[in-house]
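**Q** Let me begin by handing over the structure; questions about it come next.
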Amino acid sequence: MTPRLEVRGLSKAFLGAQALKDVSFSLEAGQVLALIGENGAGKSTLIRILSGAHGPDQGEILIDGNPVHIDGPGASEALGIATVYQELNLFPDLTVAENLVFNHFPGGTVINWNQARRESRAFLTELGLTLDVDRRVRQLSVAEKQMLEIAKALRRKAQLLILDEPTAVLGGADVDQLLDLVRGLRSHGVSIIFVSHRLEEVFGLADTYVVLKDGELTGTGRISDTDHDDLVSKMVGREFVRGVRSVNRELGAPVLEVEHLTRIGVLEDVSFTVRAGEVVGVAGLRGAGRTELARAIYGADPVTSGHVRLHGKPLDARNPIQAIGAGVGLVPEERKTQGLFTALSSVHNTALVGMVKRRRRWVNPSKDLAMTRDYIRRLRIKAPSALAPVAVLSGGNQQKVVLAKWLEAGVDLLILDEPTRGIDIGAKQEIYELIEELGRQGKALLIISSELPEVLALSHRVLVMYHGRIAAELDGDRTTEEEIMFHAVGGRTA
Amino acid sequence: MNSPVRASAPSVWSTRLRANWLPIALLVAILVVVVLAVPSFFQSANLLNVGRQSAIVGVIAIGMTFVILTGGIDLSVGSILALSGVTTAMLINSGMTIGLAAFLALLVGVALGVLNGLGVAVLKIQPFIMTLATMVAIQGLSLRVTDGGPQQFDNSNSFFTVMGSGNVLGVPGPFLIFLVISVLGVLVLRYLPFGRFVYAIGGSLEAARLSGVRTGRTVVLAYAVSGLCAALAGVMTASRLGVGDPIAGSLSNLDAITAVVIGGTSLMGGIGGAVGTVFGALMLAVLSNLMNLIGISPFDQQIVKGAVIVIAVLIAAETTRRRFRTRRPDATRVPATATHAPLDPTLTSSAR
């Protein structure tokens, strides 16, 4: 039997970085293929090539045995491929029916809305979904939106459905409902590529699997021929040279103490401490509550219960101002919208927090300029000028400006959320050295990262989060990527 | 590529000149055309007239600059102008001294600005809607307290007259006020943390919040500045006309926004400044004056003005785009090893 999809020798490079290297696999009609790998392993690139967002550098794609060129989203759709991304493409203020028929309106020139609603209702019922076609999408739960997105894809007669981490943001019962929907589609002959980090789902659903690591295929086969440990080692099994952490640093008194921090539905009974000079890594999958933990400590989001202490004194910041005043800094995940003012200069960006913290009455532009030029020199920030908008800097240099901002303000505890995401390797190394340097100065550091090598290279201890809880606290010297990943995907210790 | 900073870092002034070159260039271009075509423009009487004409819109526009820099808009300035003038006139007529009456009128402007700010910052009403509502309501308030008629008042106080129509050392009083307000506006935006916060909020409200900026307070204050400037323009208008007119300045909100935008401030917030606004206001006044001198009909003048706005904004957009497309000394093209040298050890000096 000819496979529905066959991929042969697919390669793709971005700016010299090899995102996919010679990847080949196939998918039969009416089967579910689990696509797994760490963040940055090449899953997204593969999906984007199949959905027409990127062209491959090399390799062939065959649909039902015929070689095809997917040179745009339209071409992908015409081939019967539909992709449901994590960021949903729905119109929040339109109704379910309006979203479902969008761009394929019934009734010719003038849209026949009665027919649209009737057809929508019938179509959803056929899929076994109970969604009110007149509800606005904004009012739907995340799970319902996800199902609507899938329904939308299927209405376009998709024969190959790609689901990009559809369960990452869903809770237990919603996940089950979504998995049931996927099983129903499979029995109707739809082929599905299912991206998930949660291995228990993979074992409960998929027929075959493909594991990518650093753009290369490290394993493929029938799911019944593998097990949990085998998949984890294929995901992370790489040589890694230990990083810059000085092993025998003497740690000081506790700086941050988090006690039973809870935010309903987001964080559950989180407790840990970070000592002076200590680097604590927070690992876990997207949606596990890592960013939410950082924001709760920082006072950016409210908490339901629990306490945060800094130097033994209650902090419990209700807004960032209190946290900053107490000596906490946050390098946020979204650098361009939360960490920086991209339209403003390095000077303006670097001086702002210190200005707030010291309650300065006046701005001294020439002093700020000198101070910023000093940081530009010391942190080796590559900028055309201290007065140029930071939008013109590269990601790594922008991140250094964010760090300069906190160095200038002075912090005892610095929380870094994905500090090196989207940053080139050279700047990455420099940021690691800076983190290490801050540790030597006796700062407490909490580092959230999806990159396990980064977590291992920097951390004295590693907290692994799963579903808003701390699933494991591991020794940074002894733990391994496999062990972290085991806890991050919800593995249970025997 | 060894030196992270260019050997000759540009001075603050050259950078500022580059940021504001557009309105300055346009003004110069218009002036050059004028020298050739309409020599009478440069008679001192006419120049002073231009200064006078630019003043009232200019004062409002400086306040408007603060609001627009936060990413907001203030449509209510024309109504505040009218109410302020009416307040001044009626308080004078009730026997109050001119100084006190004008002061209270300014307080009314501040209060209404605070109201706008609270609506935007606390109730989270979109600035356009909030100030549209206050624009309508304040206009109604002026008409109600005056029964719709202009309020005459005794305008014989020489000091007060200067604010609207008199001269000081040969320079029109209103133009002097405009200059003083402009300088204050520039200084506040540049030398007070409040000014920095205004830019920060326009750049990204969330980033400002995470940086510890008291965003609500800053927004309220920005609208208060706008209300104060509008009220000051109202007092100036009353002084000039000798009446408090409840329908004065009804289109001055649009003129002020035009001046700000021609001056290169982005309606999205975070980019621009008061210097540009000064030139924007001057340019609008020069343009009207010129067209009057040449004898272009008022109807045609509006058409020309519309065209000038579009051209000015297109050029402003291009300037901004260029400023954000500076060459990137990007590390991605440098071999990774080149950046692996240790960071400057002086980083530690502060801690030891």
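Positions of Cβ are set from backbone N, Cα and C atoms, glycine also.
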**Q** According to TrEMBL, which of these ranges is transmembrane segment: B:127-146, B:307-326?
**A** B:127-146
**Q** At a C-beta cut-off of under 8 Å, are there same-chain residues at least 6 beyond the transmembrane segment (B:247-267) that contact it? List them, or none.
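**A** Non-local partners: 19-20, 22-23, 26, 56-58, 60-61, 63-65, 68-69, 73-79, 81-82, 85, 135, 139, 142-143, 202, 233-234, 237-238, 241, 273, 275-281, 283-284, 308-309, 312-313, 316, 319-320.
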**Q** For the transmembrane segment (B:54-83), could you work out the same-chain residues 6 or more beyond its ends whose Cβ comes under 8 Å from its Cβ atoms?
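**A** Sequence-remote neighbours of the transmembrane segment (B:54-83) are 108-109, 112-113, 116, 120, 127-128, 131-132, 134-139, 141-142, 172, 174-175, 177-178, 181-182, 185, 189, 198-199, 201-202, 205, 218-219, 222-223, 225-234, 236-237, 245-253, 255-257, 259-261, 263, 265-274, 277-278, 280-282, 284-286.
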**Q** As a test: from B:20-42, B:95-115, B:127-146, B:219-241, pick the stretch that has the greatest number of Cβ pairs under 8 Å with the transmembrane segment (B:166-189).
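**A** Most Cβ pairs under 8 Å with the transmembrane segment (B:166-189) come from B:219-241.
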**Q** For the transmembrane segment (B:95-115), which partner among B:20-42, B:127-146, B:219-241 gives the most CB pairs under 8 Å?
**A** B:219-241
**Q** With a Cβ cut-off under 8 Å, give me the same-chain residues at least six positions beyond the ends of the transmembrane segment (B:127-146) that come close to it.
**A** 67, 71-76, 78-80, 82-83, 86, 90, 112, 115-116, 119-120, 244, 246-247, 250, 253
**Q** Taking a Cβ cut-off under 8 Å, which residues six or more beyond the ends of the transmembrane segment (B:219-241) line up next to it in the same chain?
**A** 55-57, 59-60, 62-64, 66-67, 69-70, 72, 74, 76-78, 80-89, 102, 105-106, 108-114, 116-118, 120-121, 150, 153, 155, 160-165, 174, 177, 181, 188, 194, 198, 201, 248-249, 252
